[in-house]
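Notes to accompany the following structure.
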């Protein structure tokens, strides 16, 4: 309905904005269930001025949706709609009444999050990448499973496979057609140069809708490094323009519209390069890749490639230096350190000349020697002339960019606004004066839009409230779990301390038991000594008594003397025996005392060891729980 001619302009755009915003915000998950190409942002997400994904989408007075930053810049310099070229003023000044488009903002944020997850730059296993060697060349979705399996992987390929898959070759790298999963990709192999530097530059830039997307990197079995990039199915713009030259020449109006769209998209991509603090240094038609181009529908999508530090492919360099002299600004040819945004703008001007020539001629094609081109361009003696059949408006863009004085050239931001203004002036969105009935529909649409915004805000507030409640519940639960863990940890620490204390007591008890055991052993030894001594005395006493009995039967003087000696000896032995028995009893008593003292201590030590084992198990369990 938004594209029919019999619908009012405002109604069309309010309904389109409303329906798309609501569908994107409330039905985006349904869209996500189907296969989505995250390398190119949906057009509804892109600001018509900057062609970048909008950071803050707003409704303007003309009914279109813009990024706040760029529509405000536009309205400060212009008082007409960037789309319709109709006045957007109130009381002689620009109408800056902008309204937030909350549903669309939600949809963009959701898309960006999913894109980041899907296109997260990482190392890709080489076995997951296949070269596309099919003949004729077809996209992966048009190949049967058998054909897919027959194509070689990056970890097992031959020179013939490389030849069949090759789509481009340059001074320091080659490009091959392939696929990764269900996605067609370009496999870039570096023969020289710093792949890390280029990958770093692409990572900073490749999230722009009009810059080639970098998916990841990989290495093959030989250690060669590859970048895996977005594949533009139609190839470079110089080849596409030359192939479509006849169709483009046949439709002057359509050609002008397509050319302006191409230049607008390239300037958008280059503005992204400048925003990232980088320079291209090799901007030319061959480094613009075409994703889609339909002459009849006047639809085109191009992307800038080989930005940052990469060198041109299939371009002859002067004195082996990586400068494409026929596209390079005069100040750089005079001084190689003069690269700047304005030198890239000059190259953009040469690119416009190439486009107007349909990619059929090289700049300064009349001059064959690069050295002469460098000398005469650097001195301002050689300049590009308007190609035959070129329209004046597009040629003026080239002339602006190829000014000899860098300060006279526009910035890429100025080019963005200028090209949008030219396109709007020449091809404005048709505005149809609404009828009374259409005005009623318009009021209804405004009312519906207002209600939708209120409902969207209500949903947002409700979601925020629920999120806050869930967050609070999660925090409370986390606090509870943390308290339990801390309590269990404290209990574990207490048990560990108690166990350490018990260990110290165990050590003391073991020392005491050891001392008692030694004393007990000494007492036993002493008892045994006295027992042996007593037995010896008893034997000696028995022998003395026998001798005394024998002597008492003899009654001579000598025998009497011996008898007296024996009696004396027996008395001494009896005394010694009594003393030995007393000491034996004392030793036995000491031994019994030692045994009585050690028995409870031994029992207590056994109990402590058992308790210590239990404490050890409890402490470990509490520690694990905590």
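Placed from the backbone N, Cα and C atoms, the Cβ positions cover glycine too.
TrEMBL annotations: computationally assigned, not manually curated.
Over in TrEMBL, the protein carries these features:
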COMPBIAS  141-156  compositional bias 'Polar residues'
DOMAIN    40-118  domain 'U-box'
DOMAIN    161-421  domain 'Protein kinase'
REGION    138-157  region 'Disordered'
REGION    587-610  region 'Disordered'
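Residues 502, 505-506, 509-510, 512-513, 516-517, 519-520, 523-524, 526-527, 530 of the same chain lie 6+ residues outside the region 'Disordered' (587-610) yet bring a C-beta within less than 8 angstroms of a C-beta in it. Note on the compositional bias 'Polar residues' (141-156): residues 126-134, 178, 182, 187, 218, 220-221, 226 of its chain, located 6 or more positions outside it, place their CB under 8 angstroms from a CB of the stretch. Counting residues per DSSP class in helix, strand and coil order gives 9 helix, 2 strand, 9 coil for the region 'Disordered' (138-157). Per-residue confidence over the domain 'U-box' (40-118) averages 87 (mean pLDDT, predicted model).
Residues of the domain 'U-box' (40-118) grouped by DSSP class, helix first, strand second and coil last, total 30 helix, 16 strand, 33 coil. Each residue of the region 'Disordered' (587-610) gets a DSSP state, and the totals for helix, strand and coil are 24 helix, 0 strand, 0 coil.
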